[in-house]
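Contents: one structure, followed by commentary.
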Amino acid sequence: MQASQPETWHGTTILTVRKGGKVVIGGDGQVSIGQTVIKSNAKKVRKLGKGDVIGGFAGATADAFTLFERLESKLEQYPGQLTRAAVELAKDWRTDRYLRRLEAMMLVADKDVSLVLTGTGDVLEPESGVMAIGSGGNYALAAARALIDSDKDAETIVRSALDIAADICVYTNRNLTIEALAAS
């Protein structure tokens, strides 16, 4: 008899679009374990710091909240410097024994920059102002890139692209949380 492996938590889709003086991050609300939807209205996108940074996460929820707290601490150390705060968090994430075990990715943005942060220490800025993470991330990214040159605004692109991702990815739903900031 074989010991069964614990079911793994799946899914989410987080997307950011920077266009027309706005930056928007949106995410779906589905949390699944194995083939079962555990929750359909999770809030994976929120404002950080003093409300001048927005972020979304994919991965283990408790891990992501730990990382959000650490990022907020770095933002207090380096106010108005999202890139510096993100790099400092990434250094800690790679070198701290506890943080290294955290399984999450984050998209964060302020008025000037959008970044993706990974547990391998990557801090990446998208070339086109569009970036996505999570199980439906590639679908949302492709849809957003297809729409970026249209007359649609950033929030409409995020909503449309996440709807398309929800049509394709079984770990993504249409219960969206959207946050936006004025961008430079």
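Cβ coordinates come from backbone N, Cα and C, glycine included.
The active site feature in Swiss-Prot is assigned to T12. Residues annotated as Na(+) binding site in Swiss-Prot, with sequence analysis given as evidence: A166, C169, T172.
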Given the binding-site residues A166, C169, T172, state which is nearest to T12 (active site) when distance is taken between Cα atoms.
T172
Sorted by sequence, non-A166, C169, T172 residues with Cβ within 8 Å of centre, Na(+):
G11, T13, D28, Q30, S135, G136, Y139, A140, L162, A165, D167, I168, V170, Y171, N173
